[in-house]
Structure formats: structure tokens, C-alpha cells
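Visitor: From Swiss-Prot, here are the annotated features:
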BINDING   93, 117, 119  Mg(2+) 1 binding site
BINDING   117, 120, 280  Mg(2+) 2 binding site
BINDING   120, 121, 122, 123, 213, 244, 274  substrate binding site
């Protein structure tokens with residue numbers, strides 16, 4: 001079978017033995033995310049026609065207004081994972097605490113926890129900008145047969161066994177890694193099937209795009225300001241092109257395909273950064289590294305940061321390897 005005619009289901013079956021633990025459970029988790037993503041995609045595509053755009057009148061744990069689609073997507077992903085009884089715990093951007101999944105027999109026998117941002121960039125729905133889902137999978141560290149604890153979730157990114165994202169754009173794509181490269185699958189909406197469309201995705205070592213909210217320039221640390229000036233200077237192959245959508249998944253996806261760097265630094269308004277380590281930065285860092293890129297907080301490898309809380313925030317520099325290296329150089333020289 002030609003690679004590009006291969007479905008996601010066929011790809012998972014063929015590559016199951018390359019998974020770190022050769023587990024059917026992990027394959028079922030990816031399949032569950034695929035199913036939930038198709039349901040969410042249907043709602044996203046109808047967002048302008050029904051009453052599911054705009055704010056729901058509540059705030060999540062971060063104090064951010066919850067969009068109606070945020071709430072819907074969160075429920076769909078959680079219920080899909082719970083109903084299939086394949087995980088022992090779930091953590092979401094939209095929930096204050098983690099969810100313990102005991103299973104119908106109350107055995108707590110499953111081995112994996114899933115962390116997710118069910119609908120990244122959902123504030124853009126009203127203006128028809130691409131949004132996405134981000135997910136991360138860890139093997140639990142507490143004994144099987146016992147309820148999960150916070151320690152099962154507070155693991156460094158290097159412990160991830162799978163990570164990925166779904167981008168709901170002009171086409172819907174699911175991109176994921178299990179530590180053996182990155183592959184992208186595009187949904188054929190006519191038959192509801194994901195097909196392998198982007199095998200072995202790779203960052204270029206160098207890129208020509210930088211992505212950040214330059215409207216916050218005055219609030220950025222000096223190292224970031226210096227890097228922006230470097231990107232804009234007319235030397236060598238510069239100036240670089242500035243492209244910023246405001247949806248992490250969308251900006252990351254474009255930069256991985258075209259070559260570039262995404263930066264969400266600390267600022268005087270957000271001294272710890274804005275993005276969450278466990279269900280935004282760590283999974284994207286895993287994907288980036290598997291695609292030959294690099295991810296950092298400006299000084300340290302994202303994948304090696306030991307989380308201390310579920311909704312911990314960190315600054316995020318991610319993209320083409322040499323671009324992130326250069327940004328780190330500016331940060332360290334002005335520390």
C-alpha cells in the first residue's frame with residue numbers, strides 16, 4: 001500500500017510494535033483522540049451556524065473566559081476517554097484538578113494518563129481563525145490497581161510516550177509522535193477517515209519566520225527585544241518574515257512545515273509566561289524534537305523541566321533548531 005493511501009488506523013496497527021511499551025492501550029488512546037477530534041471538528045465547522053460561539057459566562061482555572069466550544073470540546077474528549085476505559089487519569093486546561101478514572105469495575109488497572117488542551121485558540125472561533133487540540137500521554141508512575149495521584153501527572157516531558165495535536169483549519173489534520181518521528185494525517189470529510197498526508201515531518205534547521213505577539217514588545221525582556229531586532233536587521237538572509245496567528249497549534253504547524261520559530265516569552269504582564277507546561281509546551285516540545293527542532297524556556301530544555309503544579313506556566317521558544325539556539329544566545333547574553 002502506498003504511504004499516502006494509508007489510513008491512521010492502518011498506520012497505528014503497522015507501527016504498534018515501535019511504541020515504547022508495544023501496548024494496545026496506547027493505540028486505543030490515539031484512536032479515541034481520533035474519534036473525539038472528528039466530533040469536535042464537526043462542531044467547529046458549524047460554529048457560525050449554531051449557538052456555540054462566544055463566551056459561556058464562566059472562567060477556567062487560569063481565570064480565562066471559557067468559550068462555549070472550549071466547554072463542548074472538553075466534555076467530548078473527557079467522555080470519549082472515560083467511556084473507552086483506557087486511561088487511569090485525565091488532566092485538562094479547563095478543569096481545576098485532574099480526573100481519576102477507576103473503570104467500570106473500579107479496578108484502576110489502566111496504565112496511562114492523558115493531559116490536554118481541548119481547544120487551543122478558541123477565542124479565534126468568532127473570527128474564523130484555525131484552532132486546535134493538544135494532547136500528551138504519560139505512563140503512570142504509581143502502582144497499577146491504585147487511584148492516580150498528582151505525581152502521575154507532574155512528570156517531565158522526557159517521560160512522554162505520545163503527544164500530538166489536531167488542527168481544525170481549511171483541512172483537519174492530526175499530527176502525533178510516539179517517539180519515532182512525526183507523522184501527519186488529514187481528514188477526508190466525505191468518509192470521515194484520516195489519511196497519512198505528511199509522513200516523517202521535519203523542521204528545517206534554519207527558517208525565515210518568527211512568530212510572537214509583537215504588540216507586547218514593550219513588556220518583553222531585553223533578550224527577546226534584542227532577538228526581534230536581530231530578526232528585523234538587513235543582514236545575510238534577514239530580515240525574517242513576521243507571522244503570528246494567535247493560536248499555538250496554527251503557528252507551530254506552519255513553522256514546522258515552512259521553518260521558523262514560535263516565541264511566547266515572559267513579560268511584565270506575565271512574569272512566568274502564559275503557556276502551560278504540561279499540556280501545551282511539553283507535548284509541542286516532544287513533537288518539535290522528534291521533527292528535528294528544538295524547544296526551550298529561553299535557557300533550559302522544555303522536556304527536562306520538572307513540573308511542580310498541574311497548571312504551571314513557562315516561557316516558550318520552539319521551532320527550527322538553529323533559530324531557537326540563536327534566541328537562547330540572546331537570552332543568556334542579557335540574563
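Each Cβ is built from the backbone N, Cα and C atoms, and glycine gets one as well.
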Visitor: If you run the three-state DSSP split on residue 93 (Mg(2+) 1 binding site), which class comes out?
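Guide: In three-state terms, residue 93 (Mg(2+) 1 binding site) counts as coil.
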Visitor: Roughly how many angstrom lie between the C-alpha atoms of residue 117 (Mg(2+) 1 binding site) and residue 280 (Mg(2+) 2 binding site)?
Guide: 7
Visitor: Round to a whole number and give the Cα-to-Cα distance in Å for the pair residue 123 (substrate binding site) and residue 93 (Mg(2+) 1 binding site).
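Guide: Distance between the two Cα atoms comes out at 14 Å.
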Visitor: Taking Cα atoms as reference points, rank the binding-site residues 93, 119, 120, 280 by distance from residue 244 (substrate binding site) and give the first.
Guide: 120
Visitor: Spatially speaking, which of the binding-site residues 213, 274, 280 is closest to residue 119 (Mg(2+) 1 binding site)? Use C-alpha to C-alpha, please.
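Guide: Given the candidates 213, 274, 280, the nearest one is 280.
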Visitor: I want the residues beyond 93, 117, 119 whose C-beta is within 8 angstroms of the mean position of the Mg(2+) 1 site's C-beta atoms, in chain order.
Guide: 70, 73, 74, 92, 94, 116, 118, 120, 122, 133, 134, 279, 280
Visitor: For residue 93 (Mg(2+) 1 binding site), which of the listed binding-site residues (213, 274, 280) have their CA atom within 10 A of its CA?
Guide: 280
Visitor: Could you state the CA-to-CA distance between residue 120 (Mg(2+) 2 binding site) and residue 274 (substrate binding site) to the nearest Å?
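Guide: The separation of the Cα atoms works out to 13 Å.
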Visitor: Count the other Cβ atoms sitting within 10 Å of the Cβ of residue 121 (substrate binding site), across every protein chain shown.
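Guide: Summing over all protein chains shown, residue 121 (substrate binding site) has 21 other Cβ atoms within 10 Å.
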Visitor: Fewest other Cβ atoms within 10 Å: which of the binding-site residues 122, 123, 213 wins that one? Let me know.
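Guide: Comparing Cβ neighbour counts within 10 Å for the binding-site residues 122, 123, 213 gives 213.
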Visitor: Taking the mean position of the Cβ atoms of 117, 120, 280 as the Mg(2+) 2 site, which residues outside that list, in the same chain, have a Cβ no more than 8 Å away, listed in sequence order?
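Guide: Once 117, 120, 280 are set aside, the remaining close residues are 93, 116, 121, 132, 133, 134, 248, 249, 275, 276, 279.
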Visitor: Are there residues of the same chain, six or more positions away from residue 274 (substrate binding site), whose CB falls under 8 angstroms from its CB, and which are they?
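Guide: Listed in sequence order: 264, 313.
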